[in-house]
């Protein structure tokens, strides 16, 4: 039980009595950090949530943003970290299942999945096992329900050895006049429970997710992990679409964390009403289940609909057609109370407030002591460092992962995995871009700048595809919030994210907080994962693929001596300390928005775009060459900067808001004038060629190799480890 003594006292004061066993279990679930956001809610209020394209912000199963006159996008992001640590295949699969149901609940048809993952190093057998089976769980579930998994990102670090991060995004298209919400607004309506039956799996799933893991969690907490059932999910999806098309559905919500307790209490309370539930009507999978088990079960593939009683017969016909369990389990009442009956006996009778408004906890925040050692960074051969970086776990190609995903089902995927973001077709004129980002090492070193940079990087990835960024989603993964140092990280991260999102007018429309990502004193690197939705005309889509020999290569944006936290320091010199790249908000905004405006204006003359991030300029250039199977001839002597740079700074710095763009040679003057007019620093550094990857600094040739060589270094690491 996660209820504190103060919370128990509060419950008794509101009830005027002690809660019975069922009520106590239900409130324990709803007071959990996972359901109540009792630690994070005051901090999350700093996020901007309104914008010109926002239809629905945070608070429902998903956020909704406008894409075209006809279509909107429902999008959500969730974590399934604890379950995936205990049972990686099932934990990852049910994570996908839950976020897909969230999108269906809004009336939308899921068209895309992404995953943002964190693991320990593959040299550790347990981390390797978790990595393998998380990917299999995501792949099997997504492929079987026919929703493409089109992207995401992965990091490997020792701090994720015991606590992997499994964050999943789903987005779906919905016509604006067909949106439904997770509320029960009409007194007298009945609750239709449809889908899978209710069993004993997943009981205490949310309280399990609101505590630290231990060395015994793999055995002790396995029953708290839900059982995935993608085949039932497919039928649930089809039945839901038919119910929404056939009946006047007043509200829909999926049964995720907290099961029936969470679903019914939230639906009724959002509608300003209450619920009267008949426990005996709930379809069960197992015999002799107690009321406690029934109300706390998190069995998968279940949905609740608020419908008019006159539509029950039609609803039942649809459920039977799809061979799904179904029942009317109660009705909506005009008192804001949650009442459950077992036969004629009332076994729960409490006000909604005890399920939907847990008291806020004011957590202490304390900046941890920062220790920086004097470390000598020896000079290394640039070409050898390039090969090591390209083959390092965090930069190597993730094709082994995304090749297991069906990313072309539904035939909407225009730009496939491996670019700055995925591009998904809406109609003949419009597409949307979607991607996720976070550099967990940068957030560890400075949560404000690191988290702000995650938002900026995600926005820049959308811009690199030619899109206009319109909205953000997030999943905030941190350690134990009861520890002041962890809560300080959380507050600083949210502050940085809010500042960047506000500046770019890209509101957060949906998100999730995952605390207690710790195991016996080992805390994960703080990981606020950010996803950005962008809108792009189909004729204006850009990619990082180099196009024609002779195209001119420009670096746009200033580089600073910012190597702390870089992949170069981490993987070449085994150094992780100091201060990560800073946010220079006005400068970053000017560079990014200038590129955003130039791409559609000079669409035919700008031939490729890629933002510079992990690994710095040299890695960005290498990945463009690998992607396109074309070469580059570049000199880094005059890359833009406001300060003196070392050779390492020029090659490996991970400063924010920098882009590589290639332009047609006869358009160079026009592009240069446009950049200068907007006071954006840039430099012409070279040109595209048919083969050869050559990097020079003044007269010194630093790298001179074939594209085939760098491709080989970049594409075999995971395959070798997982063989």
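Placed from the backbone N, Cα and C atoms, the Cβ positions cover glycine too.
What Swiss-Prot says about this one:
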ACT_SITE  34  active site
BINDING   37, 474, 511  ATP binding site
BINDING   78, 512  Mg(2+) 1 binding site
BINDING   79, 80, 81, 82, 101, 226, 298, 299, 300, 514  substrate binding site
ACT_SITE  80  active site, proton acceptor
BINDING   102, 254  Mg(2+) 2 binding site
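Of the recorded residues, residue 80 (active site, proton acceptor) and residue 474 (ATP binding site) place their C-alpha atoms 14 Å from one another. Within 10 Å of the Cα of residue 79 (substrate binding site), the following binding-site residues from the list 37, 102, 254, 512 place their own Cα: 512. Near residue 37 (ATP binding site), with the C-alpha within 10 Å of its C-alpha, lie none of the binding-site residues 78, 81, 101, 254, 298, 300. For residue 474 (ATP binding site), none of the recorded positions have C-alpha atoms inside a 10 Å radius of its own C-alpha, out of 34, 101, 102, 254, 298, 300. Every protein chain considered, the tally of other Cβ atoms within 10 Å of the Cβ of residue 300 (substrate binding site) stands at 27. Same-chain residues with CB within 8 A of the center of the 37, 474, 511 CB atoms, the ATP site residues themselves not counted, are 40, 44, 47, 58, 475, 476, 508, 510, 512, 513.
Here the candidates are the recorded positions 34, 511, 512. The one whose C-alpha lies nearest to that of residue 298 (substrate binding site) is 34.
Under the three-state DSSP scheme, residue 511 (ATP binding site) falls in the strand class.
Summarising the ATP site geometry, the residues cited as binding it (37, 474, 511) extend over a maximum Cα to Cα distance of 14 Å. The number of other Cβ atoms within 10 Å of the Cβ belonging to residue 78 (Mg(2+) 1 binding site), over all protein chains shown, comes to 25.
Residue pair residue 254 (Mg(2+) 2 binding site) / residue 511 (ATP binding site) shows a Cα separation of 16 Å. Counting other CB atoms no more than 10 Å from each candidate's CB, the recorded positions 34, 80, 101 peak at 80.
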